[in-house]
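Report on the structure given below.
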Amino acid sequence: MSTTMTPVKARRSTSEKEKATPAWQKTLTSDRAARVAALLSFFLFWVVISALFARVPGPVEVVQRLVDEFSRGEVFGNFGSTLYRFGVGVALATVVGIAVGVIMGLSQLGRAFFESPVLVALSIPAIIWSFLTVMWFGFGDLSPIITTFLTSVPFVIVNVAQGVRGVSRDLRDMSTTYKVPLSRRIKDLVLPAVTGYVAAGIRFAIIIGWNGVLLAEWFGGGGGVGYRARWWYDANRFGGFAAWVVLFVGFIVLLDRFVLDRVIQRAFRWRDASA
Amino acid sequence: MAVLTIKNLAKTFNVGTPRASRVLDDISFDVRGGTFVSIVGPSGCGKSTLLNIISGVEEHTSGDISLTSDSGGPARMGYVFQDPRLLPWRSVMKNMMYVQNDRSEATVGRCRKYLEMVGLTKNADFFPGQLSGGMQQRVGIARAFAVEPDLLLMDEPFSHLDAITARGLRAQLQDIWAQSKKTVVFVTHDVVEAVELSDRIIVLQPGGRIFEDITIDLPRPRRQTDPTVATLQAEVLGRLETMKAMARTPEAVA
Ligand SMILES: Nc1ncnc2c1ncn2[C@@H]1O[C@H](COP(=O)(O)OP(=O)(O)O)[C@@H](O)[C@H]1O
Ligand SMILES: [Mg+2]
């Protein structure tokens with residue numbers, strides 16, 4: 001029996017496919033479109049839920065409250081204090097986290113020493129730290145700073161230590177053969193090798209740390225975003241409460257996208273330079 | 001004067017465990033200053049282990065090893081690895097400086113000089129990822145020479161390169177070595193390469209013993225096209241075949 005062979009259709013090259021795809025389709029299937037879609041669906045969800053439940057403030061109300069707060073002159077002072085506390089706390093966590101992480105990654109002894117304390121710290125939620133620090137340090141700037149620091153530093157440590165342990169054995173041996181001093185090894189070998197892990201650690205610190213700062217301000221009383229949010233909450237005005245939370249979370253998201261992302265890309269430009 | 005002296009050196013991995021394996025067994029030789037010595041042997045016979053013990057990355061199980069330096073201070077070592085081992089996030093020049101003792105003008109100048117000798121002056125500010133494999137290996141060679149080592153170790157530095165690139169680099173290495181007269185211990189599984197480059201070849205057999213110690217007395221520079229070089233290469237290759245044949249029938253020999 002004989003079969004007729006139909007010629008296999010020639011496969012299309014990527015440039016042909018590229019040309020065949022209409023522009024609107026490319027736009028719709030882009031990463032950016034996915035991000036916009038996520039934002040839109042969240043917004044829609046919010047609108048629907050707030051329309052159904054009286055106790056959920058809708059976007060319009062939240063924006064109104066925010067404008068009110070601005071006109072009352074409450075925003076800059078409170079937001080400024082929170083940012084200051086948050087910034088100092090995260091900066092401390094970054095510096096201490098990198099130092100401890102490097103020690104844990106390089107030395108067996110350091111690892112044995114720090115492993116359990118870090119694990120314990122990792123499991124303590126921000127709310128516990130905020131109770132403790134308010135008890136210890138009272139209502140000033142110190143409680144939110146220390147809470148931010150304590151909630152975020154274990155994440156930096158764990159990330160950095162993991163990165164340091166993964167530094168190429170070959171490059172470490174090379175450094176040993178050439179008797180490169182430890183300080184230079186850390187600066188030129190370990191730290192650049194763990195940039196990605198450090199960045200991930202700082203990202204975690206920021207995302208986890210804001211819990212800390214807001215909670216400490218909530219239970220403390222020295223002003224700030226958390227304090228103001230609680231003020232509205234206690235007054236049973238959820239719109240005001242939501243306004244502050246939206247303001248701060250929005251800020252964190254923007255910080256992450258526009259500052260952290262760029263810094264990370266810059267740190268990795270040697271990778272893009274590669275052929 | 002001997003720069004490197006090794007006496008009854010032995011190495012066993014995983015001592016005291018069921019996985020214990022003896023890789024080097026009763027190795028003794030010394031290397032005089034200014035000579036180019038090759039260590040040749042089939043893959044897995046312990047060549048890299050021996051170099052790593054000399055460089056201090058690996059510890060030896062028994063025996064003695066001593067290094068002397070011209071300066072009287074601790075011996076300075078250079079190491080060219082099988083792969084380039086450059087910091088990917090630092091430029092070529094910064095990679096050269098990474099292994100230097102100091103940051104002085106003289107040191108920078110010396111790094112420039114060796115980069116020029118391997119023909120990479122124009123690439124000083126490139127990242128390693130922007131260079132070809134052969135160029136990266138040349139940076140590794142320049143780096144090793146630039147520390148002005150008392151002893152220069154090389155572990156199959158050309159084995160990952162294509163034949164044409166490797167031949168070019170061997171010629172370049174001969175030139176640089178002729179100018180600097182460093183003491184070199186060069187590991188390779190390639191007898192032809194060893195004869196072309198060395199004053200002396202130490203043949204290691206499987207099981208990590210020295211099978212033979214051959215002096216290569218040929219004028220330099222050596223060209224692969226030179227018939228006397230080719231003859232000697234064939235002869236050494238023949239002896240290695242004998243060694244392999246003996247290794248295959250240990251009962252018959254014993
Ligand atoms: N860290 C190690 N632990 C256990 N065995 C090893 C280790 N390094 C090398 N070996 C073994 O030692 C032998 C010699 O290895 P190597 O020195 O790399 O050989 P060569 O360089 O001559 O090819 C091999 O059998 C290898 O498996
Ligand atoms: Mg080897």
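All positions are counted from 1 along the displayed chain.
The backbone N, Cα and C atoms fix where each Cβ goes, and this holds for glycine too.
What TrEMBL lists as domain 'ABC transmembrane type-1' is A:79-259.
The region 'Disordered' annotation in TrEMBL covers A:1-23.
Residues annotated as transmembrane segment in TrEMBL: A:36-56 (among others).
Residues annotated as transmembrane segment in TrEMBL: A:83-106 (among others). Panel annotation: around the transmembrane segment (A:83-106), residues 114-115, 118, 141, 144-149, 152-165, 167, 186, 190-191, 194, 198, 201-202, 205-206, 209-210, 212-213, 216-217, 224 of the same chain, lying at least six beyond its termini, place a Cβ under 8 Å from a Cβ of the stretch.
For the transmembrane segment (A:118-139), the residues of the chain that approach it from at least six positions outside its boundaries are 100, 104, 146-147, 150-151, 153-155, 157-158, 208, 211-212, 215-216, 218-222, judged by C-beta separation under 8 angstroms. Under the heading transmembrane segment, TrEMBL lists A:118-139 (among others).
Here TrEMBL flags A:145-168 (among others) as transmembrane segment.
If you look up TrEMBL, you'll see A:189-210 (among others) marked as transmembrane segment.
If you look up TrEMBL, you'll see A:241-260 (among others) marked as transmembrane segment. Counting only same-chain residues 6+ beyond the ends of the transmembrane segment (A:241-260), those with a CB under 8 A from a CB of the stretch are 57, 61-63, 65-66, 69, 75, 79, 82, 199, 202-203, 206-207, 210, 214, 225, 228-230, 232-233.
Long-range Cβ contacts of the transmembrane segment (A:189-210) within its own chain (Cβ-Cβ under 8 Å, at least 6 residues beyond either end) map to 86, 89-90, 93-94, 97-98, 101-102, 105-106, 126, 148-149, 151-153, 155-160, 162-164, 166-168, 171-172, 175, 180, 248-249, 252, 255-256, 260, 263-264, 267-268. Through the fold, the transmembrane segment (A:36-56) approaches residues 238 of its own chain, all at least 6 residues removed from its boundaries and within a Cβ separation under 8 Å.
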